[in-house]
Each structure stands twice: as structure tokens, then as C-alpha cells.
Amino acid sequence: MGEEQQRPRRRRGQGQLEAMVLSALREADGPATAGWVQRRLGGDLAYTTVVTILTRLLAKGAVTRERAGRSFAWTPAADQAGLAARKMRKVLDAQSDREAVLASFVTGLGPDDERLLRELLRQAEDEGED
Amino acid sequence: MGVFVFLPLVLPLTAWPVARLAEQHLHPRTATRLLTAVTAVMAVCSTVCLALLMVVGTAQLPGNPLPDGWSDPEVREAVPYDEVAGRAAIPALVLVLAACARTLWRHGRVRRRAHRALAGVRGKRVAVLPDDVPYAYALPGGRRQDRVVVTTALLEHLEPAERRALFAHERAHLAARHHRLLLVAQLAARANPFLRPLRTAVAYTAERWADEDAAQTIGSRRTVASAIGKAALVSRGTPIPTLAGLAAVGPVPRRVAALLAPAPTARRWPPVFTSVGLAAWGAAAGAAVSAMSSANSAVTMVLILRAATPL
């Protein structure tokens, strides 16, 4: 009886730990190491515990990791798209003639193009209504 | 061989009016393939021609590593002995090779980095990025999966039908492997600066090709036109660098106008005695002449050098 009561309590404990680690990770500005998360949580948890929890979160798909030197840098999965957007902007900004590499949907507009384009679109709308 | 060895260097000039006619009158698919092929042939010929000039020029230099027989009087007689052109060809060829290598390297690097940036993003074929800069492009996969990258800022400005047009356009790029054609045209423009207008023409006709494919997929030319127009107007923060006074109509309004006009016919090869036919046949003839004069020069050169090499 006593054992059966303890088990759910331990599980809840794990869930709380996971939530703590995840929220600490969300406060990071970009990917963070397990050591950073441990310091962020005030050092209550052992380093190995933090790594174990992060690994469990990884299995659940709540975080992702990438290799950074000898250890891993961890990122909350929800923030993955935002992080990718920032990385992609860096790639695109570094490439001055990116049109040559990536076929983008539209190229820039010349001085008279905007006026011409608005005229064309208005014409198209008028014809569509006829 | 005489002055014929110089022909492939300047023949790309004949392709300028041809490119203009082809992009206006041929079906975009035909125009893209024709112009890419012409551009590639002309670039290869022009580079072969440079290499020949270099061999001749190098053989005249004292202390060169080439066999001594290559600068015999008989060889000098057979080969147009032009020291200045020969010596100028050496740095020119080095520049061409370096520029092409750099282009290839950058192409690979941008693709690798873009894929790495998208590594954790969900969505196998489409990656939607939360960003307030509106843009969209097709990212060819290589070893990984092809992906369409689009930002939330651009999607917000488009109606559902226009979004479908956008995705159909980008998928058309990926399905027809347009990035390869664009890369060929870009390498060619590095090999011979006279081929730059052809690269611009290929980039334009490839966009038109994807526009036409998208129009067919979603069944409305007008929707594709308005998607392009709206996308261009919301992302107009980055104007193309042109001289204000000389500004011709840019590619985007021309694409929109073409989509509002009737669909182009998919006839593959037009008759000769029309302006379109003249353009197509002119391009083919220019490329053939360029290739033949290069091949003629190369074969003559190899024969002469073989005769002059002591075995």
C-alpha cells in the first residue's frame, strides 16, 4: 500500500522538475548548456540530474539539442521556429546576391515598378468584377 | 585558325537581342532551356578559347614548364603569335577559374547553412518561420528534403488562394530543378562577363516558368498575378539597384502583366521566318558557330603541339 502511494508522488515530482528545467531553458537567450540551466535553478539540482531531465525532455520532443564543443546546447522545442527564423535571417543577410542561389518568390521593385504594379493589380480587379 | 580563336570571346554579344526576344515570345519553359543551353555552350567555348590563348602565350615565356618544342618557329608560324593576348589570357583564365570556384562554394554554403537553420523546424515540405520580414523561397534539398521557406509576415498579407499560388510557384521551382539551371547561368556569367544579360534572362524566364506552372496547378492566372503583386508590394523595402533615369520596367511588373495576358502556347520550336523563330534559330546558330570555332581552334592546337612535342 505504502509503495503504491509513493509512486504517483514521485512521478509528480519528476513532472515538476521537468517543468522547472523547461522554464529555465525558456529564459535563456538562445541555446543553453546543462551547466547554465543548473546555475539558473540555483544549484539545487545535481548536474547529472539536470542532464537526465533534459534527456527525458528530449525523448518527449519538448527540447532539442545540438552539439556545442564537448557538451550539448539545449533549446526548448516551442522556440525552435523563432530560433530558425533568426538563423535564417543571418544566412540571408550575409548573402548579398542571394537571388542567384535561392529562387525567391519576388525580387525588389525598381523606382517606377510600384506604380505600374498597383495599376496592373487594379486593372485585374476591375476585370474580375466585370 | 587566325582570329577565329578570339570569336568565342565576343560571340556572346550576339545573344543579347536573342535573349530579349526569347524571353518575350517563347514559352517560358522553352526559353529557359534554350537560353541556359546557349549560355553554357558559349561559356565553355569562351573558356576553351582562353585556355588556348594561354598555352600559346605561356609557350613564348622564358622559363615556362611547357615542352621546348611548343615555342619552335614552326609552331609560332602556325599559331597566331600574339604575345600580349597570350600573356593577358593567363591572369584572365586564373580569374575565371577562381570566380567559378567561389560561386560554387558559396552556392553550397548558403544551401547548407539554410538547411542547418531549419533543422528543428516542423513541417517536412514547408517551413513557416515567425518573422516580420516578408519573404519566401524554394530551398533545394540535395541530400536532404526539398523545402519551401516562407515567413508569417508574407502569409498574413495573402488570401488563402494566393497562398496556394505561392506554394505552387515554389514547388514548381523545386520540381523542375531550376536551381541547377540558375547555377549554370551564373557560372557562365562568371566565365565571360558578356554572358551576364543571359543570366538575368534565365533568372526571369525561370520565374515565368514557375508562374505558369503555378497558374496551371491552381487553375487561375489572376490569382498567381495578385499573389506576386502583393508579395512584391509588401516586401518592397529592398529596391533593386538601378540608375533611376535608366530604370527599365522591372521583372515583377512584367511577370504580373504576362499572367494577366492569355497563356503562352507550348509550341516547342517556332517557324524560322517570324521574329520568334529568328531569335531561337539565331541563338542556336550563334552557339553552334561559337562551339565550332572553339573546337576547330582546340583540335588544330592539339595537332600542332603533338607534332612539335619530341617523343
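A Cβ is built for glycine as well, from the same backbone N, Cα and C atoms used for every other residue.
Straight from TrEMBL, the features:
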{"type": "DOMAIN", "residues": "B:103-185", "note": "domain 'Peptidase M48'"}
{"type": "TRANSMEM", "residues": "B:6-22", "note": "transmembrane segment"}
{"type": "TRANSMEM", "residues": "B:34-56", "note": "transmembrane segment"}
{"type": "TRANSMEM", "residues": "B:84-105", "note": "transmembrane segment"}
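Sequence-distant contacts of the transmembrane segment (B:84-105) (same chain, at least 6 residues past either end, Cβ-Cβ under 8 Å): 6, 47, 50-51, 53-54, 56-58, 60-61, 183, 186-187, 190-192. Within the same chain, residues 31, 34-35, 38-39, 42, 45-46, 48-50, 85, 192, 194-195, 197-198, 201, 205, 275-276, 278-280, 282-283, 286-287, 289-290, 293-294 sit at least 6 positions outside the transmembrane segment (B:6-22) and bring their C-beta atoms closer than 8 Å to a C-beta of that stretch. In the predicted model, residues of the domain 'Peptidase M48' (B:103-185) average a pLDDT of 88. Helix first, then strand, then coil: DSSP counts for the domain 'Peptidase M48' (B:103-185) stand at 44 helix, 13 strand, 26 coil.
When Cβ-Cβ distances below 8 Å are used as the criterion, the transmembrane segment (B:34-56) is approached by residues 5-9, 11-12, 15, 18-19, 22-23, 26, 66, 70, 79-82, 85-86, 88-90, 92-93, 96, 181, 184-185, 187-189, 191-192, 195, 198-199, 201-202, 205, 280, 283-284, 286-287, 290-291, 293-294, 297-298, 301, 305 of the same chain, each at least six residues removed from its ends.
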